[in-house]
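To start, the structure under review is shown below, and the notes come after it.
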Amino acid sequence: MASDVSSHLLTVTQSRWTIHHMYNKLLILALFTPVILESIIYVSGPQGGNVTLVSNFTSNISARWFRWDGNDSHLICFYKRGEGLSTPYVGLSLSCAANQITIFNLTLNDSGRYGAEGFTRSGENETFLWYNLTVKPKPLETTTASNVTTIVTTTPTVIGTKSNVTGNASLAPQLRAVAGFLNQTPRENNTHLALVGVIVFIALIVVCIMGWWKLLCSKPKL
């Protein structure tokens, strides 16, 4: 009896573990399947040039290439194994195959989102790819040197040595007048400094004499 109960509990535990293990596998697949089956490829091409969108589809798989405008998809070409291709999308010049398409004579309006969808023989979706195409505008044409005309105008001026000397001589008194005391000669500066020193010395002597006289001659108050 006890052995039957223990075997029953073991069976229940194993079944629960199996269910839990399968649940974890399904959860992992649900999380990572969109990443595996869908990716974004960024491509760019020059304006007026060509660009090729390459897929990982094999030649024995049918492929549907389309352009996405944000709300709806427009079929570019449908490559069906053994039946060739069709290009119903107006405005694109391209060559189409299962593993790639090439868009010729790119314009700025060709920038946008493109998609590729591959099918197996049973019709099931094998993989899905997104392409983000950016068409780079042509650089602005620069003007060559031969097409540029340079106009040079000259103004005749006559400057003599004598006139330059006269002009400099006439400016000298004005500069000295503006500078004032600083532009005087060293001899004049020394004379002024000596006079200032004598005046200050005499003033100090007078102040000292007056101070002593007031101190000696004043009568003390009783």
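The backbone N, Cα and C atoms fix where each Cβ goes, glycine too.
Swiss-Prot annotations:
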type: CARBOHYD; residues: Asn50; note: N-linked glycosylation site
type: CARBOHYD; residues: Asn56; note: N-linked glycosylation site
type: CARBOHYD; residues: Asn60; note: N-linked glycosylation site
type: CARBOHYD; residues: Asn71; note: N-linked glycosylation site
type: CARBOHYD; residues: Asn105; note: N-linked glycosylation site
type: CARBOHYD; residues: Asn109; note: N-linked glycosylation site
type: CARBOHYD; residues: Asn125; note: N-linked glycosylation site
type: CARBOHYD; residues: Asn132; note: N-linked glycosylation site
type: CARBOHYD; residues: Asn147; note: N-linked glycosylation site
type: CARBOHYD; residues: Asn164; note: N-linked glycosylation site
type: CARBOHYD; residues: Asn168; note: N-linked glycosylation site
type: CARBOHYD; residues: Asn189; note: N-linked glycosylation site
type: TRANSMEM; residues: 193-213; note: transmembrane segment
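Sequence features annotated in Swiss-Prot and their locations in the structure.
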residue	record	Cβ neighbours (10 Å)
Asn50	N-linked glycosylation site	14
Asn56	N-linked glycosylation site	12
Asn60	N-linked glycosylation site	10
Asn71	N-linked glycosylation site	5
Asn105	N-linked glycosylation site	12
Asn109	N-linked glycosylation site	8
Asn132	N-linked glycosylation site	13
Report, in whole Å, the straight Cα-to-Cα distance of Asn105 (N-linked glycosylation site) from Asn50 (N-linked glycosylation site). 6
Looking only at C-alpha atoms, tell me how far Asn71 (N-linked glycosylation site) is from Asn105 (N-linked glycosylation site), rounded to the nearest Å. 25
Provide, as an integer number of angstrom, the distance between the C-alpha atoms of Asn105 (N-linked glycosylation site) and Asn132 (N-linked glycosylation site). 17
Cα-Cα, whole number of Å: Asn109 (N-linked glycosylation site) versus Asn60 (N-linked glycosylation site)? 32
According to DSSP, which kind of secondary structure is Asn109 (N-linked glycosylation site) found in, if we only use helix, strand and coil? helix
Roughly how many angstrom lie between the C-alpha atoms of Asn60 (N-linked glycosylation site) and Asn132 (N-linked glycosylation site)? 26
